[in-house]
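Taking it in order: structure first as structure tokens, then the write-up.
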Amino acid sequence: MLKLAEAMALQDALLTLGSIIDIPRLRDAIRDAIASVLPKVDNAFIYLLDAEGRLVCDDPPHELPPEGKLRDAVLLQKRIECSGLTPSELLGQQMSSLAAPLPPDKQVLILPLLDQDTARVVSVILLHCSQLSDSDEQNLRTLEKHTLVACKRVLAIQKLQPSPQVPPSPLSPRTYQNSLPKPSPTANESYDELDRKILQLCGELYDLDAASLQIKVIHYLEQQTQSPCCCLLLVSEDSHQLFCQVVGGKVLEEEISFPLTFGHLGQVVDKKKSITLQDISSEEHRQLNNMLGFEVHSMLCVPVISRATSQVVALACAFNKQGGKYTEVDEHKIQHCFCYTSTVLTSTLAFQKEQKLKCECQALLQVAKNLFTHLDDVSVLLQEIITEARNLSNAEICSVFLLERQSHELVAKVFDGGVVDDESYEIRIPADQGIAGHVATTGQILNIKDAYSHPLFYRGVDDSTGFRTRNILCFPIKNESNEVIGVAELVNKINGPGFTKFDEDLATAFSIYCGISIAHSLLYKQVREAQFRSHLANEMMMYHMKVCEDETKKLQSNGIVSVCQIDPGFASFSYTPRSLPEDDTVMCVISMFEDMGFVNNYKIDRTTLIRFCLMVKKGYRDPPYHNWMHAFSVSHFCYLLFKNLELVNYLEYIEIFALFVSCLCHDLDHRGTNNSFQVASKSVLAALYSSEGSVMERHHFAQAIAILNSQGCNILEQFSRKDYQRMLDLMRDIILATDLAHHLRIFKELTRMSQDGFDPQNKHHHYLLICLLMTSSDLSDQTKGWKTTRKIAVSFYWLTQCISHKPLYKGECWGDTPNVGGRDSSPALHSAFPISPYIKGNVGGIHLMWGAESSAQPCPVHFP
């Protein structure tokens with residue numbers, strides 16, 4: 001009920017504003033409208049433009065101050081909100097309540113009303129009010145619009161008020177045609193009576209709907225000219241067309257439009273002269289009869305000229321005058337009518353146009369939403385494009401062709417009827433033939449009014465199907481690089497003679513969304529295909545790494561063997577892990593997990609642990625050095641550090657666990673080459689990881705994650721979300737620490753820590769110590785007996801001597817490795833695989849790390 005009352009109050013206020021014709025009553029009407037619609041307003045002061053061009057208020061009588069916020073609002077031509085006015089702007093006792101500062105719940109609103117035609121402010125409304133709600137703001141905006149129309153109308157009446165003794169023609173100079181007869185003496189009507197009627201009409205022109213306004217104006221013209229039917233042909237500057245929305249008292253379901261070049265009606269727009277039925281040709285007469293639906297016996301067509309632009313904005317047409325022919329008096333009455341109503345009509349048409357554009361923008365946004373939700377399937381996306389394009393343009397049929405650049409063809413697999421899955425039903429046409437080919441080649445939109453008369457149209461399809469193609473709108477679809485990727489073709493405008501300029505603009509805007517969505521959908525398809533290929537490759541890799549159930553059951557049946565049973569010296573630094581048979585190494589790893597307490601503390605399922613260890617073993621290739629036995633040796637040295645150095649006093653338990661797991665996984669899928677070679681050869685691994693550095697180490701970590709994500713291999717499944725994330729972060733940092741370049745980067749910090757002492761509360765010291773222990777474990781082979789050390793050194797030497805002669809192991813053929821930079825692969829590999837980082841560097845690295853570790857460890861350990 002409250003909203004209904006507000007709506008009725010607003011309607012009454014607008015009706016009152018629409019009937020005002022003088023300045024004093026206009027001020028009162030504006031105040032009354034504000035008071036009835038906006039109860040939160042305490043005071044309202046109205047400034048109106050007078051005959052001398054000043055903005056004047058009557059209560060108290062004064063002119064708008066030359067400085068201050070009021071003047072700023074006029075100069076800036078925009079609304080100002082403030083907490084009060086300065087003393088220089090407060091004229092009279094009545095305005096004292098507006099003094100700054102106002103209470104927090106009060107405000108001052110300054111609303112300048114701008115006449116867009118003259119770019120002048122015709123009124124300023126000053127309000128003292130409480131904070132306005134959303135509905136109050138909406139009502140205020142509506143009042144502003146109608147107040148502006150009322151102000152412009154009253155000012156126009158004052159400016160154009162003629163002398164009643166000599167009624168001049170509203171247009172200068174007079175534009176009568178010779179064919180228009182002179183009026184009879186009895187046909188003249190007093191100017192005062194005409195003014196009274198036209199002012200009464202102006203009071204009724206408060207509708208925001210252009211069609212309703214036209215009906216009222218047309219009804220007035222029919223009465224004044226004694227015509228049973230009148231209409232307005234509106235001029236569209238954008239499309240260079242005349243269009244008609246209302247004939248008589250009927251609003252047309254589909255507006256009638258025709259070009260400005262249409263016969264003598266188009267000449268009226270150019271010459272600004274009235275014409276009668278005698279001035280048009282017989283063919284135009286026949287077309288006029290068909291358009292109106294009745295026989296035209298007489299006609300008067302008068303141009304309506306805008307006072308602001310002096311351009312013709314419409315043609316007022318009256319048909320079949322009762323009791324005679326149209327005279328100069330009839331022309332004068334039509335011209336006199338539009339002297340006062342043209343501004344209201346053009347403003348309403350402009351407002352309606354803005355509303356239409358707003359609706360179209362909203363429709364396009366909805367279209368974009370609909371399109372972008374179907375990026376996962378190109379066929380479904382194209383079907384959505386067809387549906388949306390047909391609905392937006394009101395067309396019978398829509399087709400979408402995608403451009404295949406390799407075959408230089410336009411391909412359509414999606415039609416109005418749906419998606420065709422069988423490729424034999426797809427349509428392929430050359431990209432340079434026909435209407436679609438022309439648009440694809442030129443990249444320009446093509447609007448064909450008569451398809452059969454166009455040289456590019458092929459009638460064979462219509463002849464064979466019985467379908468009649470009347471008109472076509474064909475537009476290109478471009479990607480973000482402005483390249484044509486497809487063509488859309490709309491056929492047969494429904495309820496219209498053809499596609500309009502507005503349809504062209506709408507299609508152009510629509511094509512942008514189409515291009516972006518199609519390009520991203522095709523890109524998404526490529527990404528999905530790449531993901532599928534990657535997934536398939538991973539499945540194939542995991543299949544070949546698949547753990548044999550017999551191995552799992554065998555290890556389960558044997559149980560976990562104590563490390564003492566493996567060898568009495570298994571936990572001493574003198575023990576050589578490479579002396580153990582490779583078939584027993586997985587069992588030893590499980591025993592180390594148990595002995596270090598990881599199985600019980602982290603509730604690791606024993607079957608899961610067995611699968612994990614077997615998968616890690618299978619994840620290593622068989623190069624001379626970076627193989628499973630190397631990983632086992634590194635893990636064993638980490639175990640020795642845990643058992644002999646009391647690491648639990650220096651590191652958190654989860655850090656030790658991460659260190660041990662990382663030792664197992666730190667060289668997974670090693671290809672026997674280093675990072676330099678991967679980058680120089682532009683390998684797949686380098687493409688994936690070179691931007692981040694440490695190519696091989698990042699690949700090792702990725703393989704470790706892949707194993708953890710394999711079914712039945714996740715030994716971290718009992719971890720909390722927080723611990724799981726931290727475990728992965730630790731593994732990443734530890735595995736990356738095996739890069740020699742990383743060790744050299746942190747060596748100064750390691751030296752400083754060894755000199756200053758290890759701080760258990762310092763997280764960065766934890767990180768440095770973990771990295772140091774990982775690197776120590778990685779180089780631990782050099783701390784074993786001479787036979788082991790010599791064997792490792794020989795494997796490196798043999799590796800560097802033989803890499804250019806034959807493949808070294810399955811899965812990576814060094815002999816088939818592509819040339820690096822156009823040179824022979826052998827020198828490139830030699831330069832990328834020098835002996836020094838592995839033999840000299842390893843020995844030197846031991847000295848570097850021993851210097852750092854000797855101060856940090858609780859006691860020095862003498863290696864044999």
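Residue numbering: from 1, along the chain as shown.
Every residue, even glycine, has its Cβ placed from backbone N, Cα and C.
Note that this is a predicted model, so its numbers are computed, not measured.
When Cβ atoms from all protein chains are considered, those within 10 Å of HIS626 (active site, proton donor) total 22, not counting its own. For HIS626, the entry in TrEMBL reads active site, proton donor.
Listed in sequence order, VAL634, CYS663, HIS666, THR738 are the same-chain residues six or more apart from ASP778 (Zn(2+) 1 binding site) with CB atoms under 8 A from its CB. Residues annotated as Zn(2+) 1 binding site in TrEMBL: HIS630, HIS666, ASP667, ASP778.
Taking the Cβ of ASP667 (Zn(2+) 1 binding site) as centre and 10 Å as the limit, one finds 26 other Cβ atoms among all the protein chains shown. Among the features that TrEMBL reports, Zn(2+) 2 binding site is placed at ASP667.
The compositional bias 'Polar residues' annotation in TrEMBL covers 174-189.
Marked as domain 'PDEase' by TrEMBL: 548-793.
Taken from TrEMBL, the feature region 'Disordered' applies to 162-189.
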* Would you mind reading off the Cα separation of ASP667 (Zn(2+) 1 binding site) from HIS626 (active site, proton donor), to the nearest angstrom? => 6
* Additional residues surrounding Zn(2+) 1, by Cβ distance to the HIS630, HIS666, ASP667, ASP778 centre under 8 Å -> HIS626, ALA631, VAL634, CYS663, HIS670, THR738
* To do: Among all chains shown, work out which of the binding-site residues HIS630, HIS666 has the most CB atoms within 10 A of its CB.
  => HIS666
* **Reported mean pLDDT - the domain 'PDEase' (548-793)** => 88
